[in-house]
Amino acid sequence: MLFSLDLTGGILTKEDFASYRSVLIPSSEVIYTKLSNGRMICGPPPPSASAVTQAILSVMDGYKYNTKKIEDIGLLYHHFIESSKFAYAARSWLGDPAFVHNATDTARNITTNESLITDETHPDEYYGGSFLAPPTDHGTSHISVIDSAGNAVAVTSTINLYLGAAVTSSSTGILWNDEMDDFSSPGRPNYFGIPPSPANFIRPGKRPMSSQSPIIIFNTKADRKIKQQVLAVGGAGGSTIISGVAGVALHNLWLKANVKQAVDAPRLHNQLRPNVTMYEPNFPKVWPDPSCSVPTDCSQMGISL
């Protein structure tokens, strides 16, 4: 493998491979969020972004909507966008816990902090954060499995961008990843001119922050008479993973859609920077609407999960 990397200008060494160790996360570091009706979300700690997804769902869990009323549907979408902005802002403080002080505690706190959401939109600074450059990871796959006993697994893997590094090993045919691109670089703003996140600067042995958000939601009140209800969900799509996973869970658990309906439902996405709300072409006509004041900037596009 080193020979193949050398041929393409790679700088990895034999010592790099020999010193690499997989990190086994203890159960005590898993991020949990309590929801209403005895439900619980769990997901991996940073550098995964599962806590960011959980933060969106935690905020949305505090609202009640009458989905038969058009005004309530519009308010639901507004709250989802606003909770997404706060959550994506908080993402910029997260990074590899081995290098970022209290990263896991910060992840837990963003899932429980009281929201400052109102019925209006606000300037970018209102939502906080440290001006993270929006990630551009796209070479991602996810699988969720639940057995007859209710045991669930949600696994996300990625090589970052489309086709990873666009280089294959001459000996194995394996496509190399370009995970280094998930890091932020000091003094190098992103395409939109946004400064990078200090918590995600490159360091030897450090793992980059990722948008991967595999989560499992289960009912803590289940017993022998009540079948355990479980939702295992994750996705692909770079920075849209977070809003996409949250949207699927929202449709399934709060809006009573079945899994297929929840996955097929049109998506909304706003990652704060840039502060533009993106929606799929088949989004309900009730919103966005030219006469609607929230949000102010909208863009139609496809969003993958």
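Quick reminder: no glycine exception, Cβ is built from N, Cα and C everywhere.
Here is what TrEMBL says about this protein:
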ACT_SITE  Thr140  active site, nucleophile
BINDING   Thr158, Ile159, Asn160, Asp182, Ser210, Ser211, Gly238  L-glutamate binding site
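Features as recorded by TrEMBL, highlighted on the structure.
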| residue | record | DSSP class |
| --- | --- | --- |
| Thr140 | active site, nucleophile | strand |
| Thr158 | L-glutamate binding site | strand |
| Asp182 | L-glutamate binding site | helix |
| Ser210 | L-glutamate binding site | coil |
| Gly238 | L-glutamate binding site | coil |
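Taking the C-alpha positions, the distance from Asn160 (L-glutamate binding site) to the residue listed as 'active site, nucleophile' comes to 6 Å. Between the C-alpha atoms of Ile159 (L-glutamate binding site) and Thr140 (active site, nucleophile), the distance comes to 6 Å. For Gly238 (L-glutamate binding site), the Cβ neighbour count at a 10 Å cut-off comes to 23, with all displayed protein chains included. Of all Cβ atoms in the protein chains displayed, 32 besides its own lie within 10 Å of the Cβ of Ser211 (L-glutamate binding site). In this view, Asn160 (L-glutamate binding site) is surrounded by 22 other Cβ atoms within 10 Å of its Cβ, with every protein chain counted. Residues Thr158, Ile159, Asn160, Asp182, Ser210, Ser211, Gly238 are recorded as binding L-glutamate; their most distant pair of Cα atoms lies 12 Å apart. Thr140 (active site, nucleophile) and Asp182 (L-glutamate binding site) are 13 Å apart (CA-CA, integer value). Comparing Thr158 (L-glutamate binding site) with the residue listed as 'active site, nucleophile', their Cα atoms are 4 Å apart once rounded.
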